[in-house]
Amino acid sequence: MVIAVAQARTVRASVACEGIGLHSGRAVALALRPAPAGTGVLFRRMDLLEGGAGDQSERLSRVTIPATPFHVASTTLGTVLSNVHGASVSTVEHLMAALAGCGIDNAIVELDGPEVPIMDGSAEPFLEAIERVGVRSLPAPRRALRVTAPIHVGHGDAMAVVEPLDADEAPAFRVDVTVDYPDQLIGRQQLTLKGSADAFRRDVAAARTFCYLSDVEAMRAQGLALGGSLDNAIVVADGAVLNEEGLRFDGEFVRHKTLDLIGDLHLLCKPVIGRVTAYKPGHTLNTMLAAAIAASTDVEVVTLLDADQARGRILA
């Protein structure tokens, strides 16, 4: 998201939330805690902490999972991260998007289960939790990744590219996302997002995840979507939305795909200075793009010396 801030950031104080895991169906409690500059975002499976060998520090290390593109273990119906010890955490993308929307690059996320709670299927509950405690600047400059040449990725008929900003381009971050589904209800939708952190909150934060009713039984047969319901997902069947309240926005489907893209790119834990275009994005494509940016020689790490330098050009 567009975050024109020069200093590294974290949450001002710890904040907790509880919910159900979308795929596990298990109740899970989450605590988001402040972290110093340079930490990045770390997930900790506190339910795995007891009973292991070694001292407290060693046990904590084994249950800590860094949020990076290189810790992605699966992208089936959500982004799953794991570490070398086998600890994993699922469905991280909505929380990561909320952190991105607040310009937070440093935080500890403690969980008592294998999955980030789905809440209402959007990033809004996490955003509201962060807003309750506020955001704190840290005594260190914020670092960003400036793209100097186009970086392309593709997966099947899906594609994404991040390009340098034009010298004469207005000082606004821009992401162009297109989805294309065969049914008439969703069909082809396009969203251009640019501007400020307010645009994230206004245009995408509340957009919910979605699925087809015909897919639900198949997912549950695989042990997935056990916690899914009309309270945390848009369900589509026979060209109609089954949720009694309907859609929250026109184009809520492409808005949610944009939310997922922002969350998956925040695995970089640094804002990306560039313009992103994505066609039919999903977690596989999104995390491929994040990994390509992280590995590319066409990216330079820059320090955001002041807010004017960063204004409108930062994808967090």
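Our numbering is plain: 1 for the first residue shown, then up by one each step along the chain.
The backbone N, Cα and C atoms fix where each Cβ goes, and this holds for glycine too.
Non-local contacts of His94 (Zn(2+) binding site) by the CB criterion (under 8 A, 6+ apart in sequence, same chain) comprise Val116, Ile118, Met119, Gly121, Ser122, Ala123, Phe126, Thr209, Leu259, Asp260, Gly263. The Zn(2+) binding site annotation in TrEMBL covers His94, His256, Asp260.
Residues within less than 8 Å, Cβ to Cβ, of His283 (active site, proton donor) and separated from it by at least 6 positions along the same chain comprise Thr75, Thr76, Leu77, Gly78, Thr79, Glu93, Asp260, Asp264. What TrEMBL records for His283 is active site, proton donor.
Neighbours of His256 (Zn(2+) binding site), defined as other CB atoms within 10 A of its CB across all chains, total 28. Those same-chain residues not listed among His94, His256, Asp260 yet with C-beta within 8 angstroms of the centroid of the Zn(2+) site C-beta atoms are Glu93, Ala97, Gly121, Ser122, Ala123, Ala207, Arg208, Thr209, Lys257, Thr258, Leu259, Gly263.
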